């Protein structure tokens, strides 16, 4: 049977007080609905039906290039009505898994357990036990077997005492699901077509109904307002921090890091507070990351150090290299083994060779820097002529004095020395000393200007 996933994402989310459709609000820098879509892909779904309504243009702008079947729910008439809009895309032999675009923390392992709990041609529903089930549909059982789900507003006094609640997530056989959806009625307190009513229909038809539960109730919580969104964010971050610690990272304070992507760490990694990881980040063994650092789509080699408040984006930091504090590696930058950039050094589309150093206040862009090079404070590779970018090549063992400008395209030969304050516009041969600074003048008898009285 093919796995066909239906994701309900048509709601406006009025309580968010936002023009953005609710499901596009982010958890860990990714929209809630994208989390759910990614989970569906990880399950091996053969098709994903996205039921949408409010904010269609914004949804399609964000998600439109993905392999989704877009299903319009023009009127929001309940969850049963929403799923029914996808009937034409559901095969009789499909296993249909129903998920929610505002429930982003559901785990693949939980859904695998739900699918495994389902009997052939049976219905499986995900439930959870809550100390306070107020507001949720209750699971009604007879002799231990599920016979139906009753919504809060339709429940009697005895049913309101039930702590096992419906999460809304279920797996059903395609043929029977379409038949049950066709029998739904809106004759209830809400005047809506409840998806939950199909459970009683399944029981009446003698269909096997099984249940599964998540490891944690937070997996099935949704976000209807920004307070709940923040709570889900914290839960996501706590889970991410726990994963990093289990992989071998020491977190100075697990409550004060932000993971916004896929992070892989080696052993004995030390991560200080308020560090942000975004995109795909790979960190080797014995790495130290200082407070306030931001790492985006980058690779950090063994024994490297990222000092406080440095930004590493689409860059590579090699083994035993270091950056910061207050350093910035922009896309295409690479520090080779044992290289170092210090405070207020920026690199872009440039390589700093093994053992080379730029200690402070420098810009290195569109450059190839060899091994054993020292770049003095205030050095700039002048890579842009107003129309095009040009390359600066600095070969091994070059000494660049402070406040030097290298006007690209230019090549500095091996072992050359550039005097402080020089502006280099032509290639420099190996082992040459080049000084271009203006001759110093001494003017005697000079008087400073005096401020005029107003």
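The backbone N, Cα and C atoms fix where each Cβ goes, and this holds for glycine too.
Keep in mind the model is a prediction, meaning the values are calculated, not measured.
If you look up Swiss-Prot, you'll see 360 marked as active site, proton acceptor, on the strength of sequence analysis. For 8-11, 22, 73, 78-79, 100-102, 137, 151, 166, 224, 330, 348, 363, 374, the entry in Swiss-Prot reads UDP-N-acetyl-alpha-D-glucosamine binding site. Summarising the annotation, Swiss-Prot assigns Mg(2+) binding site to 102, 224 and lists sequence analysis as the type of evidence. Annotation source Swiss-Prot lists acetyl-CoA binding site at 377, 383, 384, 402, 420, 437, citing sequence analysis. The region 'Pyrophosphorylase' annotation in Swiss-Prot covers 1-226, and the record cites sequence analysis as its basis. Swiss-Prot lists 227-247 with the feature region 'Linker', giving sequence analysis as the kind of evidence. The region 'N-acetyltransferase' annotation in Swiss-Prot covers 248-454 and rests on sequence analysis.
Every protein chain considered, the tally of other Cβ atoms within 10 Å of the Cβ of residue 360 (active site, proton acceptor) stands at 18.
According to its DSSP assignment, residue 384 (acetyl-CoA binding site) is in a strand. Same-chain residues lying 6 or more positions outside the region 'Linker' (227-247) and placing a CB less than 8 Å from one of its CB atoms are 16, 25, 27-28, 32, 104-105, 218, 221, 254-255, 257-259, 263-266, 269, 271.
The local packing around residue 437 (acetyl-CoA binding site), expressed as other Cβ atoms within 10 Å of its Cβ over all shown chains, amounts to 13. A strand conformation is recorded for residue 360 (active site, proton acceptor) in the three-state DSSP classification. Long-range Cβ proximity for residue 151 (UDP-N-acetyl-alpha-D-glucosamine binding site), meaning a same-chain Cβ under 8 A and a gap of 6 or more residues, is found for 137, 188, 189, 190, 194, 196. Neighbour density for residue 78 (UDP-N-acetyl-alpha-D-glucosamine binding site): within 10 A of its CB lie 21 other CB atoms from the protein chains shown.
With 377, 383, 384, 402, 420, 437 listed as the residues that bind acetyl-CoA, the site has a largest C-alpha separation of 22 Å. Look at residue 8 (UDP-N-acetyl-alpha-D-glucosamine binding site): DSSP puts it in a strand.
Cα of residue 101 (UDP-N-acetyl-alpha-D-glucosamine binding site) to Cα of residue 224 (Mg(2+) binding site): a distance of 11 Å.
Rounded to a whole value, the Cα-Cα separation of residue 402 (acetyl-CoA binding site) and the residue listed as 'active site, proton acceptor' is 10 Å.
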